[in-house]
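According to Swiss-Prot, the protein carries these features:
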BINDING   LEU7, SER8, GLY9, GLY10, LEU11, ASP12, SER13, ALA14, VAL15, ASN16, LEU17  ATP binding site
BINDING   CYS192, CYS200, CYS203, CYS206  Zn(2+) binding site
Amino acid sequence: MNSVVLLSGGLDSAVNLAFARTEGNVKLALTINYRQRAAHKEIAAAAQLARYYAIPHRVIELPWLAEITKTALVRSESQLPEPKTEELDQLELAGKTAAEVWVPNRNGLFVNIAACFAETLHCEIVVAGFNCEEAATFPDNTPEFALAASAAMQYSTANQVKVLSYTGRLNKKDIVALGQRLQLPWELIWSCYRGEALMCGKCESCQRMIRAFHSLGLNLPQNFLMTE
């Protein structure tokens, strides 16, 4: 299958990129810059991953999305949630932290942008980095979302593009394990909400990745602030 991969440079999208290569021809990796805090880090990580796998890479600029987003993922004056590891699976708390980093219709917008390229490049699928952990509080991370988006694209694309995530039913531990099997270059990824010199080790994205690595007895990538 020919595919376009949405690549943020983070854990989920990087593993999906690596897996998509085993399933067919990845014609393009797309990174979206919506002025998120970690934009420059995500773009750099995505570019390195695309270069590593010899895949064309393109950055799409969406500055207006930052203008209408009022949450901490974009607004530097807002405090990012820093849940403790033991709080990650508490749904009520997770729902609150999700609301603090929500971006309006983000994944809906992203998969449709990718579908434009997929149609033009004669690709059957758009690959996105979803996971079942965050699907509990982010409905646009669910298999149901992918199916609904695919259904709409039966009408909106000439070649009936579908949305697919190879990790949509996996938790972070399983995703890291899959990345290990695929020999993913962990040192190239960026899975932090912040855009500092090193991944902070405190935000929810970092916490979920740290828990996954520790549960598998793996050392964290060297670009973590909190390394063993």
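Backbone N, Cα and C define each Cβ position, glycine as well.
On the structure: features taken from Swiss-Prot.
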| residue | record | Cβ within 10 Å |
| --- | --- | --- |
| LEU7 | ATP binding site | 33 |
| GLY9 | ATP binding site | 25 |
| LEU11 | ATP binding site | 26 |
| SER13 | ATP binding site | 28 |
| VAL15 | ATP binding site | 26 |
| LEU17 | ATP binding site | 27 |
| CYS192 | Zn(2+) binding site | 27 |
| CYS200 | Zn(2+) binding site | 20 |
| CYS203 | Zn(2+) binding site | 24 |
| CYS206 | Zn(2+) binding site | 21 |
For this session: Using GLY9 (ATP binding site) as the reference point, find which of the binding-site residues CYS192, CYS200, CYS203 has the shortest Cα-to-Cα distance to it.
Result: CYS192
Seminar exercise, completed: For CYS203 (Zn(2+) binding site) and VAL15 (ATP binding site), the CA-to-CA distance in whole Å is 20
For this session: Using C-alpha positions only, work out which of the binding-site residues LEU11, SER13, VAL15, LEU17 is nearest to CYS200 (Zn(2+) binding site).
Result: LEU11
For this session: List only the single closest residue to CYS206 (Zn(2+) binding site), chosen from the binding-site residues LEU7, LEU11, SER13 by CA-CA distance.
Result: LEU11
Seminar exercise, completed: LEU17 (ATP binding site) falls, by three-state DSSP, under helix
Problem set entry | Output field, ATP shell: CB within 8 Å of site CB centroid, site LEU7, SER8, GLY9, GLY10, LEU11, ASP12, SER13, ALA14, VAL15, ASN16, LEU17 dropped | ALA46, LEU49, GLY129, ILE189
Problem set entry | Whole-number Å value for how far CYS192 (Zn(2+) binding site) lies from LEU7 (ATP binding site) (Cα to Cα) | 14
Exercise. Hey, for the Zn(2+) site built from CYS192, CYS200, CYS203, CYS206, who else sits with CB inside 8 A of the CB center?
Worked result: LEU80, SER191, TYR193, ARG194, MET199, GLY201, LYS202, GLU204, SER205, GLN207, LEU225
For this session: Reduce the DSSP letter at LEU11 (ATP binding site) to three states and note it down.
Result: helix
